[in-house]
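Chemist: Before we start, here is the structure in question, set down as structure tokens.
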Amino acid sequence: MADVTQETRQQQNGKIETSHHPETDSQRKDKYYYGIPPIKRAHWTWQIPIYFWIGGISAGVQLFTTLANVLGHKDEALTRIGRYTALVTMILSPILLIWDLGRPERFYNMMRIWKLRSPMSNQSWALVVYGNLAGLIAARQAAEDGLLGRGLLPRLVARLVPARFLSVLALPVALFVGSNTGTLLSATSVPIWARNWMLMGPTFLASGVSTALSYLSLVLHLGHWGEKKTHHVLRRAERATLLIEAGLIAASLVRMSRWSKPLFSREIAPLFVGGTLLGGIAAPLALLSGKETRGKSMFTSTLVLLGGLALRFAMVQAGRKSADDPEAYFTFARGENAPQPEDKI
Amino acid sequence: MATGFLTDTTVCIGCKACEVACKQWNQIPADGYELTGDSYDNTKQLSGTTWRHVAFIENPKKQRKLTGDVDLLALAEDVHQTLPGGAELDGLGRWTFMSDVCKHCVEAACQQACPTGAIIRNEFDNVYIQPDVCNGCGYCVPACPYGVITQVPEDGRVFKCTLCYDRQRDGLEPACAKACPTNSIMFGDVEELKQVAAERVATLHAKGYENAYIYGTPEIGGTGGINGDHSKFILMDEPETYNLPAHPFLPQAKVKGGFVASAVAATVLGAVVALAFRD
Ligand code: SF4
Ligand code: SF4
């Protein structure tokens, strides 16, 4: 009898399964190390997506107004709005960015050094250059508009600041600011961003141009300004850029493949699918093909602007979700999924 | 000379002396009391206020019969042997512990990301954050492929293991390595540690622990342009079990590619907008 008890105890001793190992513990639902994210997400709050949106608009406005100028299309209202917009966006951008720093009073440390490998460093310097150029160009406009009074200085500014030349100079920097907001996200370990390293910049830039065209159209309509041709060109360009943007987003989703999941999650899908894809691209494209009226055009522009804002928020939030998901990172950092230095694509 | 760590997880006993020593020496604030229910791990992860973290994984019990003369001492040593009556003892099999720390990457993603130049390589070739320069932009945080560097919200700046820069300057070994009672944490010249690691893994293989391997080489753990880590580990399970990526990558490797792609896109968009001006 005693022998039997001992026997069972010995057998049980071998059979009791206690385990906290992810592969053998049937009770555990969290995968890997207790489901704790293996990478850390960025702390960035609402200021950053708003800055991405504003920066994109600034780049697109610079592109459109400079091209209008170079191609000899004369529209004073357009030029004026373009120049003042560049200045306002370049005042708002650093405010938003500095606001989001953990130590705002040390923002100037960004100017200690320039590192080509750091998209954040490149972005800071591009903002300094573009901001100063935008300031000079806007000063000339203000002097011409008589906003600076009638003193000697405004007259000198109006005469000496080569605004057209400076805007051509500012164009590549502005475009860099617009696209680098996307590249900046992709140069991280976050799967959904890093996987799409090639198309993040282009997608953000395309969205920047489409929102900028809508912005220009909206402001011109609001003030009853602008030549007829300007409105016509804006409409045509808007249709084309929205198509390019849609194509780039589609290609991005293909490239992100399984790691694009956060964009379609319950929290982000309304923003991304509803706000960007349907509200910000599909609906405006449909509205742009019909007859043109002022009210309809303004409505379309608003939709595109909100769609662009939704895209920035969706991308930043999807990055958080992606970083918080151990499954996403570990599948990404296994084998050939992660970008390797020698890959071309 | 480049210095670094070799953390041999096979002799770790999960005492958390390293966690405590690190907090004490570096005067890092406490994280509060939290009961996670995740085995004995209530620390959870590395953070701006936790620079060493001991992971606890409980392995399933092996089928074993304890009859005859059981050598209990063998349980505590790295012995893998068949005992009388078919009883099997596996000294390393019951627990998996790992004391995690900053990898001090050879090509460090955090350092490349940092726009202020706060993150530098010091004279010991360790990755060091200059606390008087960091402005808390937070860009290094999602860049780190191992989730090490983290912002401390109350402070605004980011913090991580300094490899006890101050102690090294005084010729002392880092606090965690000093406190480790089993020498699981070794500190020294990276090249020498590489050799120590290779010998230890060979010994483990000879004893029948064929799954032992080095994590943090350009083949595993220090991959994708990172070129290896100055703090390496000897592991016995899949990297993911310890919350480590198998093939991480250097995110900045694609910055140039992203720039070129964006330049092409800018040109195309410019051309399309210019075409819209045609009558
Ligand atoms: S492990 Fe992370 S924090 Fe440590 S050096 Fe590498 S990238 Fe930097
Ligand atoms: S948070 Fe500090 S250390 Fe990190 S990238 Fe920004 S400035 Fe550099």
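Even glycines carry a Cβ here, placed using N, Cα and C.
Note that TrEMBL annotation is computational and uncurated.
Taken from TrEMBL, the feature compositional bias 'Polar residues' covers A:1-16. Marked as compositional bias 'Basic and acidic residues' by TrEMBL: A:17-29. If you look up TrEMBL, you'll see A:1-29 marked as region 'Disordered'. Taken from TrEMBL, the feature transmembrane segment applies to A:50-72, A:84-102, A:163-185, A:197-220, A:240-256, A:268-286, A:298-315.
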Chemist: Between the transmembrane segment (A:163-185) and the transmembrane segment (A:50-72), are there three or more C-beta pairs closer than 8 Å, counting only pairs 6 or more apart along the chain?
Modeler: yes
Chemist: Same-chain Cβ contacts of the transmembrane segment (A:240-256) under 8 Å, 6 or more residues past its ends?
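Modeler: Beyond its ends, the transmembrane segment (A:240-256) has Cβ neighbours at 192, 195-196, 198-200, 202-203, 206-207, 209-210, 213, 263, 276-277, 281, 284-285, 288, 304, 311.
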Chemist: For the transmembrane segment (A:298-315), could you work out the same-chain residues 6 or more beyond its ends whose Cβ comes under 8 Å from its Cβ atoms?
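Modeler: Counting only partners 6 or more residues beyond its ends, the transmembrane segment (A:298-315) has Cβ contacts under 8 Å with 46, 49-50, 52-53, 56-57, 185, 193, 204, 207-208, 210-211, 213-215, 217-218, 221-222, 238, 242, 249, 263, 268, 271-272, 274-276, 279-281, 283-284, 287-288.
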Chemist: Where else in the chain does the transmembrane segment (A:50-72) make close Cβ contacts, counting only residues six or more beyond its ends and a cut-off under 8 Å?
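Modeler: Sequence-remote neighbours of the transmembrane segment (A:50-72) are 78-79, 81-83, 85-86, 89-90, 92-93, 96-97, 130, 134, 164, 167-168, 170-171, 174-175, 177-179, 181, 204-205, 207-213, 215-216, 230, 233-234, 237, 305, 308-309, 312, 316.
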